[in-house]
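K.L.:
Sharing the features that TrEMBL gives for it:
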- 26-47: transmembrane segment (TRANSMEM)
- 26-441: domain 'Ammonium transporter AmtB-like' (DOMAIN)
- 54-76: transmembrane segment (TRANSMEM)
- 117-136: transmembrane segment (TRANSMEM)
- 143-164: transmembrane segment (TRANSMEM)
- 176-200: transmembrane segment (TRANSMEM)
- 212-229: transmembrane segment (TRANSMEM)
- 249-271: transmembrane segment (TRANSMEM)
- 283-314: transmembrane segment (TRANSMEM)
- 334-354: transmembrane segment (TRANSMEM)
- 394-419: transmembrane segment (TRANSMEM)
Amino acid sequence: MMVSLPENLLPDEASPGWMSKGDNTWQLTAATLVGLQSVPGLVILYGSIAKKKWAVNSAFMAFYAFAAVLVCWVGWGHEMSFGEKLLPFLGRPRLALGQGFLLKQAFLGRIPNASMVYFQFVFAALTMILIGGALLGRMSFQAWMLFVPLWVTLSYTVCAFSMWCPEGWLSKLGIIDYSGGFVVHLASGVAGFTAAYWVGPRASKDKQRFPPNNLLLMLAGAGLLWMGWTGFNGGDPYTVSADASLAVLNTHVCTATSLLTWLLLDIIFFGKPSVIGATQGMITGLVCITPAAGVVQGWAAIIIGMMGGSIPWYTMMILHREIKLLKQVDDTMAVFHTHAVAGSLGGILTGLFADPKLSRLFYDTDDWQHFTGLFCGFQTGRVAAGFRQLGVQLLGIVFVVLLNVIATSVVCLLIQLVVPLRLAEDVLQTGDDAVHGEEAYALWGDGEKYSSKYISVHAVDEVPPAGSGVL
């Protein structure tokens, strides 16, 4: 019996038979949600959590990175991350701009390459912006302009190809990194900490006191980050599936649990519920569930949330004050704790809790020797497979840490040959006005001080009299 499809589902040149309109719609939506995490999410968060004199610079570092990464991504980054194999850890650099490539089916899913390039770009951009969080309040903007394309090229592409491309060496070993616990968060945490070491600390006054300039806006940025994670983890199956739904629910359950755990620890040990602390707990929960989102059960997501809200809290609030290296490096947004520690923790917990039945939904394979967490290995009698998976997860952590310490150091040393990494001392004392000639909060009485060739602002004594007809 022949069943005719509705006219809007019939394949044609614009919607070929291999493409799923539903999957492609969700992929574009998920990518845009992830993009909103950066612009305006982290732009708002950085601009509001920074000291007032650094609000513009902090926000603009994120804004610039988003644009710069996109040009690099379509120029060479995407193909180095997901293209034809050049080395076991790197693809061959090529453009991702021609219609002959962009309109073909992607290497995964029933979506075109154009959707895949867009989706993978927003992950690369977010990673870059997270690194910037460790460098707020003192890095030369010219140095940051060079840092972004160099780091994306020398580090991010290597991590992405190794773990996410089917031809990557860690991918072939069966590493589980559902949405970027290693590629995005561990990498950004280690790279940010390493770059902070080379750039040096903020001005002493800023390091001692760096109060947020607007906590309410900070919460708005944090909210965009949290809700945007629906696309971050929900988009990685590359299809509208039950596993995508599970990943989204696990993401929010884990995040809420982590936030509440961090909040309770702040109340118990410091006596007050900190808004900034709760935001940090939200972030560590999001990061911790990312490598595991669609391959663990709901009860495991709660345990991961409890661990994600307590272990990074301990490293940030206790160990940070006791370990010499952590005290020496000025990591402005504590990305080492919220991303490197939480990302590593999430990767290890994935190796413990990954359920092979859920892994089969995501990876579309019946290979029981891979993608089996240790605890499930004990339950099913596949203990060797469980230990193997945990070992692969630990190997991935070591690889990402070594790669990013070396690559980030090389990038910083190269930039130093061209421009200073750190702003001059007099600029550090002034902030935004010295760097950009603009400030975040300008009162009318400040008159022409905040005028520029881009914005015309009347000085107070230039305001036309009432009834003059001049608007």
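Note: Cβ is positioned from N, Cα and C throughout, glycine not excepted.
Caution: TrEMBL annotation is automatic and unverified by curators.
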K.L.:
The transmembrane segment (26-47): which same-chain residues, six or more beyond its ends, come within Cβ distance under 8 Å?
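P.N.:
That would be 55-56, 58-59, 61-63, 65-66, 109, 111, 115-116, 118-119, 121-123, 125-126, 129-130, 132-133, 136, 217-218, 220-222, 224-225, 227-232, 234-235, 238-240, 244, 333, 440.
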K.L.:
Given pairs 6 or more apart, does the transmembrane segment (176-200) have at least three Cβ pairs under 8 Å with the transmembrane segment (249-271)?
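P.N.:
Taking Cβ pairs at least 6 residues apart, the transmembrane segment (249-271) and the transmembrane segment (176-200) are not in contact, as fewer than 3 fall under 8 Å.
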K.L.:
In the same chain, which residue numbers or ranges, 6 or more beyond the ends of the transmembrane segment (143-164), come under 8 angstroms Cβ to Cβ?
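P.N.:
Distant Cβ neighbours of the transmembrane segment (143-164) are 61, 64-65, 68-69, 72-73, 76-77, 80-82, 88-91, 120, 124, 127-128, 131-132, 135, 170-171, 175, 177, 182-183, 187, 191, 195, 199, 396, 399-400, 403-404, 407-408, 410-412, 414-415, 418-422.
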K.L.:
Which residues of the same chain, at least 6 past either end of the transmembrane segment (212-229), have a Cβ under 8 Å from a Cβ in it?
P.N.:
33-37, 40-52, 55, 251-252, 255, 275-276, 279, 282-283, 286, 440-441
K.L.:
Residues of the same chain, at least six outside the transmembrane segment (249-271), with any C-beta under 8 angstroms of its C-beta?
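P.N.:
Distal contacts: 226, 229-230, 232-234, 277-278, 280-282, 284-286, 288-290, 292-294, 296, 298, 301-302, 304-306, 308-310, 313, 317.
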K.L.:
Which residues of the same chain, at least 6 past either end of the transmembrane segment (283-314), have a Cβ under 8 Å from a Cβ in it?
P.N.:
176-182, 184-185, 222, 225-226, 229, 232-233, 236-237, 243-244, 246-251, 253-262, 265-266, 277, 337-339, 341-343, 345-347, 349-350, 353-355, 358-359, 361-362, 371, 373
